[in-house]
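Have a look at the structure below, then the notes.
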Amino acid sequence: MAQDNQEKVIVIDFGGQYNQLVARRVREANVYCEIYSYRTPLDQIKAMNPKGIILTGGPNSVYEEGAASAPKELFEMGIPVLGLCYGAQLMMHVLGGKVEKAPEREYGKTEILVDNTASEVFRNVPDKSIVWMSHNDYITAIADGFVVDAHTVNCPYAAVENAEKKLYAFQYHPEVLHSEYGREMLKNFVHNVCGCAGTWRMDDFAENTVKALREKIGDGKVLLALSGGVDSSVAAGLLAKAVGKNLTCVFVDHGLLRKDEGDEVEAVFGPSGQFDLNFIRVNAQERYYKKLAGVTEPEQKRKIIGEEFIRVFEEEAKKIGAVDYLAQGTIYPDVVESGLGGESATIKSHHNVGGLPEFVDFKEIVEPLRDLFKDEVRKVGLHLGIPEKLVFRQPFPGPGLGIRIIGEVTAEKVKIVQDADAIYREEIDNAGLNKTIGQYFAALTNMRSVGVMGDERTYDYAIALRAVNTVDFMTADAAEIPFEVLKKVTNRIVNEVDHVNRVFYDITSKPPGTIEME
Ligand code: GLN
């Protein structure tokens, strides 16, 4: 959200895939950063008084008719400019260099050799390192006044600069982690070239966002569907600080939450919690169980849970009447997932509350976390004083335990899986593994088998434990939890949870398995 009188760097979006990563790296260098479309009038950019400007990559070719462009004046304002990939090509194109289709398209990790070791942007960067390339065009002639900073085998002008005018151009993408020293290079640009002090912190984001929300919303009324997940909780915290009682949070307890979760959310956001807001908890457990009775097909279960959520929320929204804003905890990866973002953006509702906008009478959507990545959201959450337990909560699907109970969902089964899962999480914590495993949970298989307990025959359920490590949640491997830990969890579950006499550990990877079981 916009901030005043602050050292900032502006990222100009040409439709590249990694634009938010550029902004993120700048923030990591402790400099505030905002992204604007290349269509933004130059006067408007100038008025923001940026310390530097970064031009992103993009799908066009600069020499094509109608390609996304920038006026020459952009490079003549005395503001440092760094062009990345398309941005680099554009800088050369506009300033009199030449860009053509490359004989050899470069994609992936490429070795770069530094020619100008005195360059400010290559400070603390070794002469040889790996950068990430993704281009079909390349610069064949550089503009007057520029010198070569670095090259690769296929790319004579991998990095060029005009130090006097503070103009820099990289053909590669320093923002992606495959570029070994990319972070360093971007930091060098914002600190050494732009002269930013680097005093900005995520805490400032929180404070400034609160201020900006207050200005934007004024006396307006805001409605938020609070799920108890990190994102909606942090959004609620920011909005509560900004507009207090003008924020109403509706928290639907669908009876498919983890053990004690409903109460934990209420403890933080309810009347005796630390925030000043209107908190409505709807205890809709019975309604959900009734709807789910007899339903075993996973997709149908998901559908019922999703639709029922909309119904419940709609009823509450009707009681409140028209609101000015519908708030959502959308974070940047959601924006990307929806295939939106940046240049082509039209706001889409957050998948967790998908469909809500159609049922609520409101004027505008507010999404205070739209530019942030998950770990940044967590930092804001901690700054707001939201308990760690909530801030570092395990990812939890919208349909909740409904899809961690194979087959029909009943109140009894919910209790079983809640208790087993609580034990599992507690023991993972005790073993100090909670931050090393990507995601872990207990599920209730629909299988019953014979066992013996206290000399008596039992015929009870089997719990499945799942734990996976994953980088992107697209693929995953089973986590290698020490056998001792698994044994302890198993012992506790069969001893402490009624109607469970067997525990399995799921070692299937994704694919062919999925992370959740339904
Ligand atoms: N479209 C340009 C090219 O192919 C720029 C690509 C990019 O910015 N990643 O070279």
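Placed from the backbone N, Cα and C atoms, the Cβ positions cover glycine too.
Please treat TrEMBL annotations as automatic predictions, because they have not gone through curation.
According to TrEMBL, the feature active site, nucleophile maps to Cys85. Annotation comment: TrEMBL describes His173, Glu175 as active site. Taken from TrEMBL, the feature ATP binding site covers Ser227, Gly228, Gly229, Val230, Asp231, Ser232, Ser233. The domain 'GMPS ATP-PPase' annotation in TrEMBL covers 200-393.
Proximity of the recorded positions Cys85, Ser232, Ser233 to ligand 1, judged by a Cβ distance under 6 angstroms to any of its atoms, singles out Cys85 in sequence order. Around Ser232 (ATP binding site), taking its Cβ as the centre, 25 other Cβ atoms fall within 10 Å, counting all chains. Every protein chain shown contributes to the tally, and the Cβ of Ser227 (ATP binding site) ends up with 24 other Cβ atoms within 10 Å. For Ser233 (ATP binding site), the same-chain residues that are 6 or more apart in sequence and have a Cβ closer than 8 Å to its Cβ are Leu226, Val265, Val268, Phe269, Gly329, Gly381, Ile386, Leu390, Val391.
Take the recorded positions Glu175, Asp231: by the count of other Cβ atoms within 10 Å of each Cβ, the lowest one is Asp231. Cβ crowding, taken as the number of other Cβ atoms within 10 Å, peaks at Cys85 among the recorded positions Cys85, His173, Gly228, Gly229, Val230.
Of all the recorded positions listed here (His173, Ser227, Gly228, Gly229, Ser232), His173 has the Cα closest to the Cα of Cys85 (active site, nucleophile). Under the DSSP three-state reduction, Gly228 (ATP binding site) is assigned to coil, being neither helix nor strand.
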